Structure formats: C-alpha cells, structure tokens
Amino acid sequence: MESLFPAPYWEVLYGSHFQGNLSLLNETVPHHLLLNASHSAFLPLGLKVTIVGLYLAVCIGGLLGNCLVMYVILRHTKMKTATNIYIFNLALADTLVLLTLPFQGTDILLGFWPFGNALCKTVIAIDYYNMFTSTFTLTAMSVDRYVAICHPIRALDVRTSSKAQAVNVAIWALASVVGVPVAIMGSAQVEDEEIECLVEIPAPQDYWGPVFAICIFLFSFIIPVLIISVCYSLMIRRLRGVRLLSGSREKDRNLRRITRLVLVVVAVFVGCWTPVQVFVLVQGLGVQPGSETAVAILRFCTALGYVNSCLNPILYAFLDENFKACFRKFCCASSLHREMQVSDRVRSIAKDVGLGCKTSETVPRPA
C-alpha cells in the first residue's frame, strides 16, 4: 500500500478530519482530500464530547494563566529580565494557539468545518507558528541559561532584555518560513457535501508530503531538543564542578533556581509533545491508524500537546518565587478591590437609607 502520510499528518496538527477506516484507504483519492472522510463519524459521540470538553478546559485555564503571566511581566519592571522576556514570548504563542481550540473542538464535534476559508487559514497558520515559536523559544531559553551558568562574565553583555526581545522577533520571523506557506496552502474545501479545513500538498504528494513532514519533525522537535540537551549537559557538568557560581550566595541560588525552572518547562514540553510527534513520524513511514482505539489515541496525543500550553503558568507559580509573589499580589489586589467595591456600595446604600429616613422625619404628617 502506498504511503498516505500527508492527510493524517495535517489532521494531527490542526483538527480537520482524517480517514480511519482501512477499507477506504484502497480507494483512488488524491492525498490532500483524504482528510474529508470524517473521522468524527468514526469515533463515538461520547469520546468526541470528552475530547471537546478537554479542549475547552485547556482553553479557558490556559488563557487565564498565560494572560496573567504576560500581564505580570508587562506590569512589573523587575520582571523584565532576559529569561522572562522569553517566557512572555512562550505565553504569547500559547495564548494564540489556545484561541483556536474552540474552533477545532467544534470541527471535531460537528464533523465538518463551519467557519469559512479565512479562519481555516488562520487556524492552520497559528498552529504551525505555535509549534515553531515554542520550540525555538525554549531553545533560546536553554542557550540563555547556558551562557548565564557557564560564561557568567560574557553573560553581562549578552543577557539583556533588549537582546532577548530581538531574539523573540527573529524567532517569529523564522517561524514565518513555515507559517506563511501553510497558510497559503490551507483552505476550506467542499468534498462530499462537507466543508473540510485542510492543507493541500503540492504534487507529487507521494514525494512532498513525507519530505515536508520529516523536515518539520526535525526542525520543530528533534534538532531543538538536541540543542537543549547539549546545553543542559554542559550546565550540569558546570554546576557539579563548582560550589559557588558567583561571588554571592544569593545570586548563586537565584541562578540555580531559574535554571531549574527552565529545565522543568522544557521537560514538560518534551513530555507533552513527544507522543504526537512519534505518532506522526510513524505515520510518515506509512503506518496508518486503522482502528477506533488508534484514532482515539491519536486525538488524545494531540490534546496532550495543547495541554502543555496551560501547564506553563502553573509551573511558574510553583517554581519561581518572583512569579509566585506577583500572582499572589494580583489575586490579593483583585480581592481587595472587590471588597472595597462592596464596602462602597454598602456605605452608599446606608447613606441613601439614612437620607431617606431623615427626609421622612422632617416632612409634616397629614392631619
């Protein structure tokens, strides 16, 4: 059987519909249209509702958390460090992709794409931008940690917030190399009286599909993870080799704390994205999911990748004292503001009641 990789691969990344029934794989259908045999009908309604519910929960929780992270970094001057500038970029990418989940969830539940061509292109582009900006940002954070730990003198000139901002701009520009073309190739197409959101692979699909997919796998996952691994291997060797990295124990403790935070964020990212990346790679080699169980696993692996986008704010709150303090301050300020509003409202009502009573006492009673 010839490889049918392109269709399931695009399905994984932005939630269109792919072929899960092996009997249909033998039909003569162009590769870029195989997504149109909706797998949503192939999955039980209960499973679809579960996946959509997970998408919505991730969307709501992730948006609240990531927006709070961005607010804290913008609001407090002390939070505008090089590491936090990268964290802001990560939160921005996560926020954008989380905004697409209601549309993807609707697509899964209905079994077709109801939102038109422009939104289809937008969702596809955001998914790819998120994939590349996230891995590139984590790589930049790891290199930044490596410089801070292994080259502390050089770090004084290299690790500035302005240079971190420039790196973030370069990351988005580099991600556009993939984001713009897939947005152009993406479209909402009508097939069998259903509208499907998909990416049309250029002909010949047998060649360009696997080549493009393997390139994405390498540049969005394998190569960044290798760079990150090398950076942390060198950092661990450095941390074990010296007891004091800087002249101050407090500064040394802060360096180790931030390094641990970045390491945990990277580890969680790799843990969340490895299953779907491996699944996609297996499909690229020509092995297709042909059972309800395989389709369900693929869907949940995809959802796990999105779950990562709402986990980062939780990690910051637990592992970084500065974020924890800012989050606590924000929550306390919000609570105090609500209490003051309630108190002002009560005083206003009491004042009105008092004036009313006083007025009624001064008005002469009728004889």
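Note: Cβ is positioned from N, Cα and C throughout, glycine not excepted.
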The residue that Swiss-Prot pairs with C197 in a disulfide, chosen from C120, C150, C272, is C120
Item checked: Swiss-Prot: matching membrane side for L43 and G111 -> yes
Of the recorded positions D107, C120, C197, the one whose Cα sits nearest to the Cα of D127 (site 'Important for G protein-mediated signaling') is C120
Quick one: do the transmembrane segment (262-282) and the transmembrane segment (122-143) reach 3+ CB pairs under 8 Å, ignoring pairs fewer than 6 apart in sequence?
yes
Most Cβ neighbours within 10 Å, among the disulfide-bonded residues C120, C197, goes to C197
What DSSP reports for the topological domain 'Cytoplasmic' (72-84) is 10 helix, 0 strand, 3 coil
Highest Cβ pair tally under 8 Å against the transmembrane segment (46-71), stretches 85-106, 122-143, 163-185, 209-233, 298-319, lands on 85-106
